[in-house]
């Protein structure tokens, strides 16, 4: 470092002690070259040298610049007076008159007088023996100058011993599945800003020196606890990095509200769902399906689900129907129409509901259905001593040919040779029941409702435990909430759709094997009447708020790509509350309530925010105006920096039910945007007409204590884990996960109340 002012020995002596202390603390060696006028810094790592240089430039150099005048003339070189004196004064005269020179106050440690006298005598002898030098009695400063040179140039050791000479060294090695360690040590960029360097940040936080050497990090420090903390932080960073690459963990849960025998599952097309009007969907190309329960009658045959509408007649009749007489076609169509109209008036247990007396039950678009063996292997509700009534042999034209019984003996099983390119899918049987030894008494048999409940609870606990552990070290906003809506299903092939599936096949075979995807519609209802009935059984609200949720593409430099952001602004104050740059869904639990109009979804997600007082957000908010009467919003895009895509107006009403649950009913309106006249600068104003857009309602249930627990992640240091644990969120195993069970029980209660209200 080359300072602007010229540092003489007297000036440098005033700051030497501070430089020695700085070098001892930073484990560096700081030396100043008097002849070349520069600071030379040496250390074990580049980080230590950079930190020391930064402190010298920010703390010392501003003090030294005071010696320079405004014209940069005096103070930037050695004084002429001192230069002339040193040129005219001879060393011999200085040596002879050194004892009579006035005393000078030295800054630093006390001098060792014996050592100084010894050096003086050696210097005097060498000066006298030299024939080229002559003594001059008029040079009183040479001896003092030699003393200062002997002290400042050579005796630079500290006046105090080091606090601790012991150093600790540790090495952290990255796992083999980490391709590039630099990716772990580089944080994600936020809104096109420079990504943070975790190696430097952790070194500064723990007062250690960390350097990347290949696939390892060398950690050096004077405190063993700091070394261990730094290594633990790097280990946490590696775990967070690996979990960040995982996709959203989607877990399905199927629940029947009352005690019932074992049932099968059928995927009903949304067009044939009896309560299709209660389901809000966006237009899409893929067909959507609703899961319905299928029970067996007293003869062991699958019954038609009560919420499945009868299929409309096909233009092309099946092959078995072409064998009938032509005059029967019209009567069949009439019977089908009557069955469709009378369907809602009939009960679930009546198999022949809505059909003509001479017509057999028909459902499923006249397709030949194949029932899963796991779903059909159900114990018939008959006593062991009695035998079921014989079932007549069914004809091929009936719905389930594979389920028909026959008086003929069953065929002898044979082994079929495996064919090529055949994929086998094995169902994993859930192992939830403990093993029972033959000597111990058999435990009481669990009902089907208890078995399904334990199965769902185990899946939810496993998914939430993994998800919560992955976000403990995240710096940002964490949210765990539940919303009422409808779980739909997509990506079903015709072969999958026309089969009856077992409860335990959904996760293992359908989703893992056949890539069937559950799709939550994320909307509770569109009906004002339905949401009014839901709010009738709630207590009086305690809070109301309204805000704009603005979706846009933004960037802070024209050379980089646009990134999606979500800006939140209060309706009454034109000021941005927060800007979300990234939202990540960690865990998604889709709960299907069979024979109910509403399902719900647990969602664990994280949000990354950025500052609101930087461009382009400060430029954008200056162009926003909201009318206090009509609540219309007017704004302008920021050319090349911010482009608005859509705006939602949300009006939230909060209700307190039994502690610690809070219900939020939100009215959401998608505001239509229209361009207005172009301004003088060529920028078009955009106006949002509030009250003229599409409206829907959301009902969410929050566990209020979770919000306070997750606040510790807002200012979490790099590589540190939050103080909360998974047990604080879902409960421990000793109390049977009381928190999670109470959360689910509260949501099921809402589903039942909403079912009765609508």
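Backbone N, Cα and C define each Cβ position, glycine as well.
Within the listed segments 200-244, 245-289, 335-379, 380-424, TrEMBL records region 'Disordered' for the stretch 380-424. When TrEMBL is compared with the stretches 151-170, 171-190, 291-310, 311-330, the one noted as region 'Disordered' is 311-330. Mean pLDDT, taken over the domain 'DUF7905' (448-734), works out to 92 on the 0 to 100 scale.
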